[in-house]
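Record features (Swiss-Prot):
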ACT_SITE  His138  active site
ACT_SITE  Lys159  active site
ACT_SITE  Asp177  active site, proton acceptor
ACT_SITE  Arg243  active site
BINDING   Gly153, Glu154, Ser155, Gly156, Ile157, Gly158, Lys159, Ser160  ATP binding site
BINDING   Ser160, Glu202  Mg(2+) binding site
REGION    264-269  region 'Important for the catalytic mechanism of dephosphorylation'
Amino acid sequence: MEKVSVETLIKDLNLEVIVKAENNKIDITTSDVNRPGLQFAGFYEHFAYERVQIMGKVETTFVEQLPDEVLAERADKFFAYPIPCLIVTRDLNIRQEIIEAAKKHDRYLLRTKEASTKFINRLINYLDEKLAPQITIHGNLVDVYGIGVLLLGESGIGKSETALELVKRGHRLVADDAVEIRKIGEDKLQGSAPEIIRHFIEIRGIGILDVKTLYGVGSVRNSMSIDLVIQLEEWDEDKYYDRLGLEDEYIKFLDVEVPKLTIPVRPGRNLAIIVEVAAMNHRQKQMGYNAAHELNKKLLKQIGN
């Protein structure tokens with residue numbers, strides 16, 4: 001199971017630490033959040049204590065009206081649950097009873113200056129990305145005309161050389177050799193490079209190249225959705241290759257299907273141009289036009305006449 005430490009959350013979202021948990025640290029395992037207004041009112045049935053707890057203006061206003069003894073009792077019960085942390089938004093005041101209860105039970109108590117809705121949206125997006133299922137595969141990922149193209153194939157087939165030629169033609173490199181794939185939401189895949197090799201590319205006979213330094217910041221990007229997979233393979237005279245584009249092929253990563261094309265490689269074929277055209281044709285299909293289907297309709301119509 002993927003998880004995020006509260007320390008990482010504090011650093012990445014620039015949160016103010018009011019109380020720091022020293023020995024009772026609980027990792028975050030879900031991107032869902034809970035607003036504990038009902039809990040401070042004394043209702044604990046179906047309490048989602050495993051979620052990040054968020055107190056906004058409504059919850060804080062309610063808490064401000066509670067007598068000291070009542071709040072102390074309810075805060076003590078609230079922090080007795082194994083919550084990862086409690087975050088107060090809008091830089092609102094935090095009553096001493098809540099601070100003391102957080103210290104007693106060794107829980108994180110944090111604060112942000114952001115408004116509740118804005119912060120919750122940012123928090124959920126952040127946790128969705130951090131907690132997303134992930135795999136690492138051998139391949140190259142390039143942003144071609146806004147389409148994330150994942151190049152697959154055996155070592156030495158020409159993936160890196162094709163990616164470099166695409167960069168030279170104005171497209172952007174995302175990852176070379178190793179691509180980390182995360183599942184974002186129900187049906188979206190996002191790819192990136194491991195941080196240690198980000199923006200580097202290996203070309204046999206030359207070695208390691210820093211694409212960002214050679215071609216500028218506009219030649220790279222940190223992550224990209226995976227919209228199209230292109231499998232490069234040695235040309236096999238005995239194998240049938242689709243010449244019309246009527247048959248759709250897919251490949252599955254993390255239970256998400258992605259359109260796939262198989263492109264045979266042999267001397268004289270300009271793979272970079274073929275990948276460019278494949279990306280443009282994919283975008284055209286997304287916009288509702290399929291050239292192969294249109295030609296097939298015209299042929300059937302002519303045969304019918």
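Just so you know, the numbers here start at 1 and follow the chain as drawn.
Heads up, the Cβ atoms here are built off N, Cα and C, so glycines get one too.
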To what whole number does the mean pLDDT across the region 'Important for the catalytic mechanism of dephosphorylation' (264-269) round? 78
Distance, Lys159 (active site) to Gly153 (ATP binding site) (CA atoms, angstrom): 7
If you measure C-alpha to C-alpha, which of His138, Asp177, Glu202 (recorded positions) come within 10 angstroms of Glu154 (ATP binding site)? His138
Note on ATP: the CB centroid of Gly153, Glu154, Ser155, Gly156, Ile157, Gly158, Lys159, Ser160 has further same-chain residues inside 8 Å, namely Leu232
Cβ atoms other than its own within 10 Å of the Cβ of Lys159 (active site), all chains, total 25
The correct three-state DSSP answer for Lys159 (active site) is helix
Can you grab the distance from Gly156 (ATP binding site) over to the residue listed as 'active site, proton acceptor'? Cα atoms, rounded to a whole Å. 11
Looking at the recorded positions Ile157, Gly158, Lys159, which has the shortest Cα distance to His138 (active site)? Lys159
Helix, strand and coil counts within the region 'Important for the catalytic mechanism of dephosphorylation' (264-269) (DSSP): 0 helix, 2 strand, 4 coil
Within 10 angstroms of the C-beta of the residue listed as 'active site, proton acceptor', the count of other C-beta atoms across all shown chains comes to 17
